[in-house]
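Report on the following structure.
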Amino acid sequence: MTRIASVSLRRVLDSRGNPTVEADVLTESGGFGRAAAPSGASTGEYEAIELPPREAIAAARQHAVPRLVDEIHAGNQRDVDAALRGADGTNDFSEIGANSAVAISMAAAKAGADVLGAPLFQHLGGTFRDANRSFPVPLGNVVGGGEHAKEATHIQEFLAAPVGAPSVSEAVFANAAVHATVGDLLDERGVPAAKGDEGAWAPPIDDAEAFEVVEEATDRVADEIGFDVQFGLDVAAAELWDADAGVYRYGDVERTPDEQIDYIADLVDEYDLAYVEDPLDEDAYDGFADLTDRVGDRTLVCGDDLFVTNVERLERGINVGAANSILIKPNQIGTLSDAFDAVELAHRNGLDAVVSHRSGETEDTTIAHLAVATDAPFIKTGTVGGERTAKLNELIRIAEEAV
Ligand SMILES: C=C(OP(=O)(O)O)C(=O)O
Ligand SMILES: [Mg+2]
């Protein structure tokens, strides 16, 4: 019933105005799925390869589509993804592009769900998955800089974390309130602020002032709405790491790796951070392990560029105790099966798996379903802006069983 009848690929716009790959998968029985590849700016060195969309589409049409059409059932995700891997033939999807691969992989999952008449999160996570028993808390990017906005903070993302929210809907609206409050506070301080790639405020202030503003905003919103709103960070420290000098550079301020670990550990305690992503460079397994040893009992230390959703890199991290969570971005690795393998390996070893968007996004909502399917404690998907609210609004619908 779910045998694939056609796969169409096209270029569409992403949120930065760049082209990206969109895939349509149609099954023999009329099941339909559509999905688009997101795209990173602060990409990890070890990510699967995103090809220019025209090239990725041409290569996927030549190598992948013939292996899928009339051959594979969209409802069998592992077969779909094995066919994509077989068509590509490399470790990093450099032949057909991880952008083509992930778009087809996600579109096939949606087509499979469509045939079954099940919401995507249940098709991926099983019939007992219930978004109301435990829901992914959205981490809302409210202030940011780094590779996502020039002349703003060195730390890439300050993320509101409404950990006390009684429902996903209240969590989503809490993050929007923090975003609005940060805007008001910046205004009061006379700081002009544009927005970065993910819709977060990108003010020309230093990191210390950003901590003040975000702390005040989260406290104020928590008081108003009556539940706990903490915050977290994506330091994206690989972008700050100067390998030649052996220091992390925050503009004129330099920190050695040991100083960086002390700095982050102090921030965790001073601000009661719920979450710290990529606090160190993407090769700093031992530094990650030191930091996790120091603060891992009270915050999530998450590897994004460190693990790139890759089971081999995660395995290495597990062996040395680097991090207590992994960020899951399907396009970093190329298929949903690979992403699920990383989630399962993390869970088997007591790590949390946090699902994430990319800085370049589309209105695709697959990650909302993926977060519910995998029972993620957090989902990183921004706060405002259509490509971000697409996922947040889908989470609200999932909780209401209205998808
Ligand atoms: C979402 C992120 O940014 P990008 O997509 O640019 O890698 C991130 O670093 O977590
Ligand atoms: Mg990151």
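In case you wondered, yes, glycine gets a Cβ from its N, Cα and C as well.
Just so you know, TrEMBL annotations are computer predictions that nobody has curated.
Given the structure is predicted, the values throughout are model-derived calculations rather than measurements.
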Report the candidate from Asp228, Asp234, Asp352 that shares the Mg(2+) site with Glu277, Asp304, as recorded in TrEMBL.
Asp234
TrEMBL has Gln156, Arg358, Ser359, Lys380 binding (2R)-2-phosphoglycerate. Which one of Lys195, Lys329, Lys391 is in the same site?
Lys329
Select one residue from Gln156, Ser356, Ser359: among these binding-site residues, choose the one with the most other Cβ atoms within 10 Å of its Cβ.
Gln156
Taking Cα atoms as reference points, which of the recorded positions Gln156, Glu198, Asp304 is nearest to Ser356 (substrate binding site)?
Asp304
Go through the recorded positions Glu198, Asp234, Asp304, Lys329, Arg358, Ser359 and pull out the ones with a Cβ less than 6 angstroms from some atom of ligand 1.
Asp234, Asp304, Arg358, Ser359
Tertiary neighbours of Lys329 (active site, proton acceptor) (same chain, Cβ under 8 Å, six or more apart):
Pro38, Gly40, Asp304, Val308, Thr309, Ala339, Val355, Ser356, His357, Arg358
Which residues of the same chain, at least 6 positions away in sequence, have a Cβ lying under 8 Å from the Cβ of Glu277 (substrate binding site)?
Glu157, Gly232, Leu233, Asp234, Val235, Ala236, Cys302, Gly303, Asp304, Leu327
